[in-house]
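Novice: Annotation source TrEMBL lists Na(+) binding site at Gly105, Ala107, Val108, Asn112, Ser339, Asn371, Leu488, Asp491, Ser492. The compositional bias 'Basic and acidic residues' feature in TrEMBL is assigned to 76-87. The annotation region 'Disordered' is assigned in TrEMBL to 54-87. For 97-116, 128-148, 168-199, 254-271, 283-303, 336-353, 365-386, 479-505, 517-545, 551-571, 592-615, 635-654, the entry in TrEMBL reads transmembrane segment.
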Amino acid sequence: MANTAHLMRRQSSRDLYAQRSLDRMEMKELRGRLVTLENGHQIHRTHVMYGATNQAFEDTSPNRRSSETPTSKASSENERAGIKPEGVERESWDSKLTFLLATVGYAVGLGNVWRFPYLAQKNGGGAFLIPYFVMLAIEGIPIFYLELAIGQRLRKGAIGVWHQVSPYLGGIGISSAVVSFNVALYYNSIIAWCLFYFAQSFQAELPWSECPKKYFSNGSYTTEPECAVSSPTQYFWYRTTLQISEDINYPETFNYKIALALVIAWILVYMCMIKGIASSGKVVYVTATFPYIVLVIFFFRGITLKGMGDGLIHLFTPKWHKILDPVVWLEAGTQIFFSLGLAFGGLIAFSSYNPVDNNCYRDAIMVSMTNCLTSMFAGIVVFSIIGFKATMVYEKCLSLRNATLLEIFGSGYRSMVFPEAGQNVTLDLNGNLTTLVMPHLPECDLQKELDNTASGTGLAFIIFTEAINQFPGAQFWSVLFFLMLFTLGIDSQFGTLEGVVTSIVDMKLFPNLRKEYLTGGLCLICCLLSMGFAHGAGSYIFLLFDMYSGNFPLLIIAFFECIGIAYVYGVKRFADDIELMTGQRPGIYWLICWKYLSPLAMLSILVSSFVELATEGSSYEAWISSEGDTEKKPWPIWAVLLVLVLVLASVLWIPGLAICRYFGIQIIDDEERAWFPAEDLRDFHGIEPRPVSSIETLLFCTRPDGSEGCCWPGCCETDDEE
């Protein structure tokens with residue numbers, strides 16, 4: 001095992017460090033792009049574009065050169081002439097703000113609004129924040145940092161990055177692209193549902209505000225039976241929007257309304273991505289900021305509502321005993337992982353468009369914390385409104401209950417003790433003894449109403465819409481809410497699809513096809529396949545994709561990403577690269593996370609998920625129209641086989657490509673080395689050679705020459721003998 005890792009490191013070293021023999025033009029271009037020095041003073045260039053062709057980041061290194069050199073002047077002239085590093089034609093972000101907005105938009109998605117609040121109140125309220133931030137520290141930020149850094153260092157998509165780390169690891173990138181494709185297929189269904197609700201919100205009366213009427217030939221009418229036994233919001237969601245069937249095996253009808261919404265959604269996605277990051281980079285100025293504007297508006301609306309305090313107390317009251325429950329830690333780790341969008345390849349693709357001297361560490365901290373704080377803020381907004389909705393239901397229940405008691409027992413009912421429903425009760429009414437049967441009274445419990453929350457589509461399309469019904473000017477709030485969900489979803493879709501497109505471009509599968517045509521073809525294929533979600537059983541297939549197409553494969557991919565960096569590329573070498581790019585070496589904590597804590601967290605979540613699946617099984621909630629409620633049903637055999645296909649088609653690329661490489665079969669044809677002026681960056685940041693510390697030797701088995709071995713007894717001796 002150690003010999004294999006050593007061989008892979010040695011082979012990838014030959015590929016990467018051959019770049020040090022750079023052309024003089026490349027070195028001059030970098031010096032001129034970073035800073036121009038005139039008259040001994042630092043002058044920042046404002047007319048130079050960002051990235052390889054755009055304005056560079058402001059350098060804050062304390063080791064900056066402050067003396068004028070002929071080289072800097074010459075490089076300025078060369079740069080004005082448009083000289084770029086040979087062979088580097090990669091796109092680049094227009095500005096640092098564009099990159100940050102795109103990354104925040106990609107990471108902050110629907111899960112922040114409709115899953116985190118549910119998990120928090122379910123798993124201990126305020127106590128849930130402890131496992132949440134622990135998992136953020138050992139799993140979320142380290143892997144987020146890793147993906148941003150390796151994408152910026154190797155300047156390729158996920159496939160190109162992991163192939164260049166080692167040809168044996170190229171399957172990681174292909175697996176990421178396959179998972180991103182599968183997720184993009186079903187994720188756009190959410191955007192289509194949001195568009196449908198958004199369009200319906202412009203009616204004079206919201207169509208989910210009351211039950212529709214069923215008319216008879218004689219002119220009489222009655223309330224629609226399915227709505228009468230459920231609720232207006234449930235009826236509109238299950239019957240009007242989804243046209244849902246009662247079993248996944250019997251789709252019944254094709255849903256033309258949702259099919260049309262899907263077509264519109266895919267057209268919008270394509271229009272926003274038609275020019276790559278040049279077009280999607282402009283769109284994120286709206287899609288990344290608009291959700292925050294709406295959340296702030298809903299926040300100020302929510303804190304003025306009656307019952308707001310009850311909702312927030314219910315959300316944040318800590319239940320400390322929950323911390324000892326392993327399931328709470330599992331759900332915290334899973335939420336962090338998927339909320340940040342790790343292992344999809346989108347982060348690697350986005351960071352590959354950054355200039356080589358970008359401070360990826362600062363970006364990782366900033367975006368990760370923004371994501372988590374957004375989840376907490378969204379929780380406050382959601383539960384202030386859920387508290388209002390629960391209070392309205394509770395007070396309506398009390399009013400109905402008291403009216404019933406007043407009618408039967410008169411005004412003296414407040415001082416009475418009532419028997420159980422169905423029992424006889426004797427009353428003295430105007431001197432006459434009367435025996436009555438105690439009626440069934442509605443149960444009014446505010447805490448039970450607050451517990452009656454849901455995650456995902458249930459929260460957005462049923463519970464939240466029911467709360468919006470109570471607002472004055474409900475149409476305005478409905479338009480805002482579903483437009484917010486649309487923008488949250490579509491910029492996450494950009495990042496997911498960008499991971500697929502960049503990987504295809506880097507693999508050179510269609511070398512003569514322009515990127516806009518490639519993106520259009522991909523969107524067309526996805527649009528046709530997504531019609532599988534536009535029928536009566538489509539929401540069940542959506543649930544199957546949501547539960548299995550990403551969860552297990554992404555955990556496996558992230559695990560192998562950590563293994564690839566820590567045990568193949570080498571954490572010291574990775575830290576050296578980050579120091580060259582940012583001028584600041586990663587702390588020992590990050591190296592420990594990459595080598596030990598993060599892989600262990602991934603493995604723990606993966607094993608726990610398998611154990612939970614094996615012990616509790618899996619099922620789906622089928623809507624039973626006659627009962628107005630859902631019923632658990634087991635997945636049919638074909639659905640289980642589909643799950644196996646989705647998972648295996650994603651993860652088998654990792655061992656499969658390594659086996660092919662071992663036998664000399666080449667799958668990925670990408671031998672173009674990344675442009676990385678190591679010597680020039682070292683000179684610019686003033687980085688001096690540093691000896692290997694004792695703690696690096698102890699924790700990572702780093703040898704005095706900087707190479708790494710394994711840290712179990714006898715292993716290092718074997719490596720040395722080679």
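Every residue number used here counts from 1 along the chain in the order it is shown.
Quick reminder: no glycine exception, Cβ is built from N, Cα and C everywhere.
Remember, it's a predicted structure, so these values are computed and weren't measured experimentally.
How buried are these features, and what lies next to them?
Specialist: Around Ser492 (Na(+) binding site), the same-chain residues six or more apart in sequence whose CB sits under 8 Å from its CB are Gly105, Tyr106, Val108, Gly109, Leu110, Tyr187, Gly341, listed in sequence order.
Within the chain, the transmembrane segment (97-116) has long-range Cβ neighbours (under 8 A, six or more residues past its boundaries) at 144, 190, 277, 280-282, 284-285, 287-289, 291, 335, 338-341, 346-347, 350, 353-354, 363, 366-368, 370-371, 374-376, 378-379, 382, 455-457, 459-460, 484-485, 488-489, 491-492, 494-496.
Within the same chain, residues 107, 119-120, 322-323, 328-329, 332-333, 335-337, 339-340, 342-343, 347-348, 350-351, 360-361, 363-365, 367-368, 372, 376, 558, 561-562, 565, 586, 590, 593-594, 597-598, 601-602 sit at least 6 positions outside the transmembrane segment (128-148) and bring their C-beta atoms closer than 8 Å to a C-beta of that stretch.
Within the chain carrying the transmembrane segment (336-353), a Cβ under 8 angstroms from the stretch's Cβ atoms is held by residues 51, 90-93, 99, 102-103, 106-107, 109, 111-112, 115-116, 132, 135-136, 139-140, 143-144, 147-152, 154-159, 161, 173, 176-177, 179-180, 183, 277, 360, 363, 368, 371-372, 375, 492, 495-496, 498-503, 550-551, 554-555, 557-558, 561, 605, all 6 or more beyond its ends.
Long-range neighbours of the transmembrane segment (517-545) within the same chain, counting only residues 6 or more positions beyond its ends whose Cβ lies under 8 Å from a Cβ of the stretch, are 181-186, 188-189, 242-245, 247-256, 258-259, 262-263, 266, 269-270, 273-274, 276, 457, 497, 500-501, 504-505, 510, 620-622, 635, 639, 642-643, 646.
Within the same chain, residues 5, 8-9, 12, 143, 146-147, 150, 162, 165-166, 168-169, 172, 175-176, 178-179, 334, 337-338, 342-344, 591, 594-595, 598-599, 602-603, 605-606, 609, 646-647, 650-651, 654, 700, 707-708, 710 sit at least 6 positions outside the transmembrane segment (551-571) and bring their C-beta atoms closer than 8 Å to a C-beta of that stretch.
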Novice: Please work out the number of neighbouring Cβ atoms within 10 Å of the Cβ of Val108 (Na(+) binding site), leaving out its own Cβ.
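Specialist: Counting Cβ neighbours of Val108 (Na(+) binding site) within 10 Å gives 27.
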Novice: Where else in the chain does the transmembrane segment (283-303) make close Cβ contacts, counting only residues six or more beyond its ends and a cut-off under 8 Å?
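Specialist: Cβ under 8 Å, 6 or more out: 98, 101-102, 104-105, 108, 113, 272, 374, 377-378, 380-381, 384-385, 388, 471, 477, 480-481, 483-484, 487-488, 490-491, 494.
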Novice: For the recorded Na(+) site, whose residues are Gly105, Ala107, Val108, Asn112, Ser339, Asn371, Leu488, Asp491, Ser492, find every other residue on that chain with a C-beta no more than 8 angstroms from the centre of their C-beta atoms, and list them by sequence position.
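Specialist: Filtered neighbour residues, in order: Val104, Tyr106, Gly109, Leu110, Gly111, Gly341, Thr374.
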Novice: Test the contact criterion for the transmembrane segment (168-199) and the transmembrane segment (479-505): 3 or more CB pairs under 8 Å, pairs 6 or more apart in sequence, then answer yes or no.
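Specialist: The answer is yes, given that the two segments have at least 3 Cβ pairs within the 8 Å cut-off.
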Novice: Does anything in the same chain, at least 6 positions from Leu488 (Na(+) binding site), have a Cβ under 8 Å from its Cβ, and if so what?
Specialist: Val108, Gly109, Leu110, Asn112, Val113, Thr287, Pro291
Novice: If you draw a 10 Å sphere around the Cβ of Ser339 (Na(+) binding site), how many other Cβ atoms fall inside it, taking every protein chain shown into account?
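Specialist: Around the Cβ of Ser339 (Na(+) binding site), 24 other Cβ atoms lie within 10 Å.
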Novice: Who are the chain neighbours of the transmembrane segment (254-271) in space, where the CB to CB distance is under 8 Å and they lie at least 6 residues beyond its ends?
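Specialist: For the transmembrane segment (254-271), the far contacts come to 188-189, 191-193, 195-196, 241-243, 279, 490, 493-494, 497, 519-520, 523-524, 526-527, 530-531, 533-536, 538.
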Novice: Which number gives the other C-beta atoms within 10 angstroms of the C-beta of Gly105 (Na(+) binding site), all protein chains shown included?
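Specialist: Other Cβ atoms within 10 Å of Gly105 (Na(+) binding site): 28.
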